[in-house]
Amino acid sequence: MGAAAAEADRTLFVGNLETKVTEELLFELFHQAGPVIKVKIPKDKDGKLKQFAFVNFKHEVSVPYAMNLLNGIKLFGRPIKIQFRSGSSHASQDASVSYPQHHVGNLSPTSTSPNSYERTVGNVSPTAQMVQRSFSSPEDYQRQAVMNSVFRQMSYAGKFGSPHADQLGFSPSAQPHGHTFNQSSSSQWRQDALSSQRKRQNSHPYLADRHYSREQRYSDHGSDYHYRGSREDFYYDDRNHDGWSHDYDNRRDSSRGGKWPSSRH
């Protein structure tokens, strides 16, 4: 297999894009299916972005997985249409392999119209139908996890000046309400655990002055002091150090050869 054929096998064609869709947004979306090397939206002779893109994955196995997971997801109200790239060995299998479309509610599984795609990234509204619907299969949970992950990543981007997060129209209330987080009970649990831990430490003759939990070490600094060495800080440092990049090897694997970025205290 030649290099060109191998690259075609690792590439997807993504069509029916809304004009506001960017390479950055597609990168974040398709990265949920596997490591992405680059995303390219071609331009016409006038310099305007065309309504399709090519997504090149690092691993060939990510291609059919992304096709199955993301085909038909709406970006800014328009469902994307994913196809194998011309020349790909997967294209010959496309006619014989049926990739199931994902539907919600009472939609007919045989419907192929764009309106049948209910999995959305843009313009999510907290309707009663969305909030009350039940997830009937592990695939539904997986798709919801993809949407939540993209929402979190684009929220980080919007927090630091990217215009894409606000335009997407995400609503946290569109996430499934079957799993609720009780903040008061969690806070009480942490207080009880901390109290128990202090009792154990005070009873040990060698740990009284040396070992403290993270909560104890930073509680003395007052409520305005925040622990900065969290994974979110590492995520932000990695994602925003040099701005947006479509090079997976330089952007995603750089931390493997070295150590975690040091915390800025």
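Using the three backbone atoms N, Cα and C, a Cβ is placed for every residue, glycine included.
What Swiss-Prot records for this protein:
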type: COMPBIAS; residues: 107-125; note: compositional bias 'Polar residues'
type: COMPBIAS; residues: 170-196; note: compositional bias 'Polar residues'
type: COMPBIAS; residues: 207-224; note: compositional bias 'Basic and acidic residues'
type: COMPBIAS; residues: 237-256; note: compositional bias 'Basic and acidic residues'
type: DOMAIN; residues: 10-87; note: domain 'RRM'
type: MOD_RES; residues: Gly2; note: N-acetylglycine
type: MOD_RES; residues: Ser136; note: phosphoserine
type: MOD_RES; residues: Ser137; note: phosphoserine
type: MOD_RES; residues: Arg152; note: omega-N-methylarginine
type: MOD_RES; residues: Ser203; note: phosphoserine
type: REGION; residues: 25-35; note: region 'ZCCHC8 binding'
type: REGION; residues: 59-76; note: region 'ZCCHC8 binding'
type: REGION; residues: 91-125; note: region 'Disordered'
type: REGION; residues: 166-224; note: region 'Disordered'
type: REGION; residues: 237-265; note: region 'Disordered'
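Taking all protein chains in view, 7 other C-beta atoms sit within 10 angstroms of the C-beta of the residue listed as 'N-acetylglycine'. Secondary structure from DSSP puts Gly2 (N-acetylglycine) in coil. The DSSP breakdown of the domain 'RRM' (10-87), given as helix, strand and coil counts, is 17 helix, 25 strand, 36 coil. On the 0 to 100 pLDDT scale, the model's mean across the region 'ZCCHC8 binding' (59-76) is 94.
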